[in-house]
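S.K.: Pulled these from Swiss-Prot:
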DOMAIN    1-199  domain 'PV NS1-Nuc'
MOTIF     156-160  motif 'RCR-3'
ACT_SITE  Tyr156  active site, for nuclease activity
REGION    196-216  region 'Disordered'
COMPBIAS  196-211  compositional bias 'Polar residues'
DOMAIN    308-463  domain 'SF3 helicase'
BINDING   Gly334, Pro335, Ala336, Thr337, Thr338, Gly339, Lys340, Thr341  ATP binding site
REGION    489-520  region 'Disordered'
Amino acid sequence: MPGFYEIVIKVPSDLDGHLPGISDSFVNWVAEKEWELPPDSDMDLNLIEQAPLTVAEKLQRDFLTEWRRVSKAPEALFFVQFEKGESYFHMHVLVETTGVKSMVLGRFLSQIREKLIQRIYRGIEPTLPNWFAVTKTRNGAGGGNKVVDECYIPNYLLPKTQPELQWAWTNMEQYLSACLNLTERKRLVAQHLTHVSQTQEQNKENQNPNSDAPVIRSKTSARYMELVGWLVDKGITSEKQWIQEDQASYISFNAASNSRSQIKAALDNAGKIMSLTKTAPDYLVGQQPVEDISSNRIYKILELNGYDPQYAASVFLGWATKKFGKRNTIWLFGPATTGKTNIAEAIAHTVPFYGCVNWTNENFPFNDCVDKMVIWWEEGKMTAKVVESAKAILGGSKVRVDQKCKSSAQIDPTPVIVTSNTNMCAVIDGNSTTFEHQQPLQDRMFKFELTRRLDHDFGKVTKQEVKDFFRWAKDHVVEVEHEFYVKKGGAKKRPAPSDADISEPKRVRESVAQPSTSDAEASINYADRYQNKCSRHVGMNLMLFPCRQCERMNQNSNICFTHGQKDCLECFPVSESQPVSVVKKAYQKLCYIHHIMGKVPDACTACDLVNVDLDDCIFEQ
């Protein structure tokens, strides 16, 4: 692994105060330069001070040119990072030690320092205190030139973020994409910490064979890396979880002041590693195979509601591993006390990071869902304001959401579990409910209907039961159909008996014997019964069952309103042998239509209503 010298160069930000008497051409050169970020950068250009950056870029370019000249190593590795400190802007310049020994480093740096003053500052030395200095092994006199290895970059420089981080340059292949990309920086830092933790784990010394918890050792770095690795494996993100997992380990790290200071930093680093390198199945799937799953509470709830536990477990496992693509959500639907919240709560608390949807805050409903392993939507409703973002999240798409008092953040594909006793596919907009998004929402969900109420002493699902259930699912995977409603039953057909097991059927007793065909009554043809037929049976010559509409049309009061006659041949055709009788009525009063037309109709229902005779009413008192 190559070694690097570190030179810290302070950059003037106040030209009048730090460079008294500097020319106007220098000021114009600094002020006119405009910087733009490369396309692959996710940094905020508004947080970058462009005037000091112009000077810093010129300083690092001329410094590296002179370094290659004195070291006679044109391909020497370097990493330069420009930062905004509390008092001054400064650069960390890491240059490979190849070609320059420590005893002559001061001589060469003095020459480079003078070159920078003459070429860049026009002969005016900055008034910044100790503006050009090499890092020493210790402060004060007597310290040697410090040589750092490549781990210094991911340990100290890469974790820097804006606004402290301003810019970076390098010719090292592994860090080219991370110079101006904060996401790549986080990934490399997490990868480095994981690698170091695994290395320390492999080289454990004096480890207690009866416990996998870390203990205090003589080497601080080894102890710290061992601690971080153990926290990551156990999914511990807080001191409370640490105490619950291993109380002796937590107390041992609080015994000394130097180890006590590592607790918060170790938990923070472990959280970063877990969020970047781990997924939900790493903590949901148990390590040991399960022999008897029948006592598992999740198994009992699914079986109680008519689901095949093996098929349902495969749905849960595929959901956690994100193997169903767009169908990224499990919806547990049912009334209260059916176990839906019991299951969802246990799954959410088994992973180190889970987020809850705050559907009551329509402005920032997904504020808590960034960088999580599982998203839990508890007893909510789908509103018109959040439905589009919700469809993207439920479908496992990358989407940016607004956060309170922060800039928008991206939610990566994350498994979602929904619990509700209302229709989550109906979109509520004010006082109206629409179903235009019902099919897209159903295409993103697996729906479990839990309708059986649990006993009051059923108990809570534990983390270990969740891990055992997912482990059992992994060992008994079956093919899952991509459908909204998870099929129930799952009962397997019994195999057909062998020939030896088939016995002769018993003789039927005469008292319960079925009548023969000859004894059965002849079927009735209702087509002969109806003179008028409805539009459904108008062309039928054989009707095995009665029709309510045909019955109504063959009552005495049934008259064709269009032609004023019964048994209308045009509307309800019958055989030619049956005559059509026309019913003619005499009206004293006419309805307003026939009154205007001046024509007396043969039959009219409106005229019947005008000429009602109470003597003919069967309900007359």
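From the backbone N, Cα and C atoms, a Cβ is placed for every residue, glycine too.
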S.K.: Enter the number of other CB atoms within 10 angstroms of the CB of Pro335 (ATP binding site).
M.R.: 11
S.K.: Over the span of the motif 'RCR-3' (156-160), count residues by DSSP class, listing helix, strand and coil in order.
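M.R.: Helix, strand, coil within the motif 'RCR-3' (156-160): 2 helix, 0 strand, 3 coil.
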S.K.: Excluding Gly334, Pro335, Ala336, Thr337, Thr338, Gly339, Lys340, Thr341, please set out which residues of the same chain place their CB within 8 Å of the center of the CB atoms of the ATP site, keeping sequence order.
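M.R.: Nearby residues not in the site list: Leu332, Asn342, Thr419, Asn421, Leu450, Arg453, Leu454.
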S.K.: Mean pLDDT for the domain 'PV NS1-Nuc' (1-199), as a whole number?
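M.R.: Averaging the confidence scores along the domain 'PV NS1-Nuc' (1-199) gives 88.
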S.K.: Please report the Cα separation of Lys340 (ATP binding site) and Tyr156 (active site, for nuclease activity) in Å, rounded to an integer.
M.R.: 46
S.K.: Taking the Cβ of the residue listed as 'active site, for nuclease activity' as the centre, how many other Cβ atoms fall within a 10 Å radius?
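M.R.: The residue listed as 'active site, for nuclease activity' is surrounded by 13 other Cβ atoms within 10 Å.
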